[in-house]
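Structure, as structure tokens:
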Amino acid sequence: MASHSGVPREKWWKIQWFSDDDTPEEKKFITKLDLILIPYLFVTYWVKNLDQNNLNNAYVGGMKEELGFHGNELIRLQTMYIVGAMAAYRFLVGWFEAAYFPAVHYILGSWYRGHEISRRGGIWYTGLPLGTLTAGLVQAGATRKLDGVHGLSGWRWMYIICAIVTIPVGLAGYFILPGTVDKPNKFVLNDHDHRVARERLKKKGHKVQGRLKFNHIKQIMSSKHFWIVVLVDVLFWNAGINSGAFLLWLKSLKRYDSATVNEYGTIPPAMGIFFTLFANFSSDLLWGPVWAITFASGMNTLTNLILVIWNVPEPAKWFAYCNAGWSYALSSVLHGWVNNILRDSPEIRSFTLVFINIIAQSSTAWTGILAYPTVEAPRFLNGYSFSFSMSTSLIIGAHLLNLYLKRRRDPNATQSTPASDVEVTDDGSSQGQIEESDQSKSLHSTQIKPVS
């Protein structure tokens, strides 16, 4: 087997969906799981981001004037979402959605092997730009068609529409989500499916069962690569420009009505769908997570640089804002990589995904207020400079993490070692077989082994 990033295959340049070692039975199971799990996750993330991003569209669609907003109310309401991850409503949205992001990544890591996660996560993550895009279209339609109906403003109708869409999608999850391999939901997968899932994961060193204990937390907190992962995740969460920056810039031009501003605001998320699919599919099928992160973050850095300079032709600003989707396109690449690094320890993997998300997302609660105060719109010089520093540091951080993992596997490792063909495991065997006694081993004694 050629040693290369992504799907294991005989020739590194041969792009293929399944690995060469997938049996026909496994391919059938993977296809079934794909058709059940991924479409539902995509719909849930679309609805989540429809609910989350409607604030920006409502703000430029009449909320500001009707509620008498002034100063920094927009960024404060955006922050309400973060700390809870129209104050009370916004806080509740963030509160109930707080566990969603790490939970989805944990589910993906529970069913899929390392080289399979980014593609599925990428399809799921396109719900983010689609939700943003749809929020703009819904607000534009509500402003034009429903404004004043039954005495309600168009932006208020948008919140009603979002609620009608969200509730049934949430209820359907009880029957559709497959759970995890050790605690499956038998509404959608039968006993044969569970057996195939367990066997295909175990034969490649994926541990499917475990319980978090206090000593695991001590091991996690004392491991160097955990804190490197935390740093990289913080950089990722802060590398993008403020979600409302483009709309505020369009509104500042004073040449478009509110409905048109919201329609133009759908262009960046539409581009973001393509960016997300490219970053994640290329990670799995071509060059692995490190270089996928490097490329996506490099494109995002270009966006931030243009906006820092600011005094550029207007088409350059259009390009920069429309290119901003690269900042979130790499999300499932990064978190899929974390899933893969900790594939042999479900208990450590679950804690790590939740903890790094708490730290990283919480950091945006105060960085947003400091870097993107609404009163500085549309030119957020401090904000764009901050995002530029984060996106460039993210590239460095990803390579430092990869270098650290390679050196833990082999202190004499050379640069010929593939970028993503390393990962942490608690087992001590060269074939990746996991023994029950390995649960007690410290992360300080972990080894690195090839991705499967």
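The backbone N, Cα and C atoms fix where each Cβ goes, glycine too.
Owing to the predicted nature of the structure, the values given are computational and were not obtained by experimental measurement.
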Listed range which TrEMBL flags as transmembrane segment, given the options 28-50, 350-372:
350-372
Hey, which of 122-142, 226-249, 261-278, 290-312, 384-405 has the most Cβ-Cβ pairs under 8 Å against the transmembrane segment (318-338)?
290-312
Check the transmembrane segment (122-142) against each of 226-249, 261-278, 290-312, 384-405 and return whichever range has the most CB pairs under 8 Å.
261-278
